[in-house]
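Please read the structure below before turning to the comments.
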Amino acid sequence: MSGIVVIFDFDKTIIDVDSDNWVLDELGASDLFNKLLPTMPWNSLMDKMMGELHLQGKTIHDIEQVLNRVPIHPRVVPAIKAAYASGCDLRVVSDANTFYIETILKHLGIRECFSEINTNPGFVDDEGKLRILPFHDFHKSEHGCNLCPPNMCKGKVIERIQATVAGEKRIIYLGDGAGDFCPSRKLVEGDYMMPRKDFPVWKLICENRDVVKAEVYEWSDGEDMERILLQLIASIIPIEKMENKNANQLFDCKFERIALGALSKPIYVPH
Ligand SMILES: [Mg+2]
Ligand SMILES: [Zn+2]
């Protein structure tokens, strides 16, 4: 293994849409969802909506079919495969759910690239209904972070990962949403934050530049993500140390090894 943990958000980072909205839109349930959203937390409402879809006769197979055609930029899967081939430890931290994420990653053929998926539990119950539960059981105890929704604090997940890798590994974190701001504040010097340009976490980082100790590299689409992520990895791992020789070919054909200084400049606070 290399000394790098790459942590991906899922919605609008690995895939190009929000998986919850995608499923509801495709199955014609968005109007009801939007009507009920002011009345309960997002995560609890998703569970309720899966019950509604079940009542309407929509099956798990229908949901899987919708998930299997989710939009994804064509360079994202190659980027993930290359990062995995270079020996990085890849993980997902997402406020979607295990059923959506597992289904999509398996369909894309990249499930085995990830050592861990941290997200809300999603499972099919005895009646064939998809249930979506909170990552933190906030009915029992609150996670205590006021930046994050009650069901999940991604920063807590980062703290656990940091404790297990004991400062020996550098973290690269990729995300787009407001929920990715809390974990980006947990990163330390030597880590890298890759916020999606013009998305909520990017704006929050621009406005609070001093609270993020990691070096920040913005990206706009899957092509950008692939180029910047693989350049960062190549700048951290000496090529000769890559345990998988195929990784050399993957890197050689895409870009030359570039020193960090040659990368696009970290983003700055606009005045
Ligand atoms: Mg996201
Ligand atoms: Zn938090």
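Glycine residues also receive a Cβ, built from the backbone N, Cα and C atoms like all the rest.
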Same Mg(2+) site per TrEMBL - residue from Asp125, Asp126, Asp137, Asp176 joining Asp9, Asp11: Asp176
Packing count at Asp20 (substrate binding site) (other Cβ atoms within 10 Å of its Cβ): 21
8 Å Cβ shell about Asp9, Asp11, Asp176 centroid, Mg(2+) site members excluded: Phe10, Lys12, Thr13, Ile14, Asp18, Ser94, Gly175, Gly177, Gly179, Asp180, Arg196, Phe199
List of residues, in chain order, with Cβ under 8 A from that of Asp95 (substrate binding site) and at least 6 apart: Asp11, Trp42, Asn43, Thr119, Asn120, Phe135, Pro149, Asn151, Met152, Lys154, Gly177, Gly179
Distance, Asp176 (Mg(2+) binding site) to Asp9 (active site, nucleophile) (CA atoms, angstrom): 8
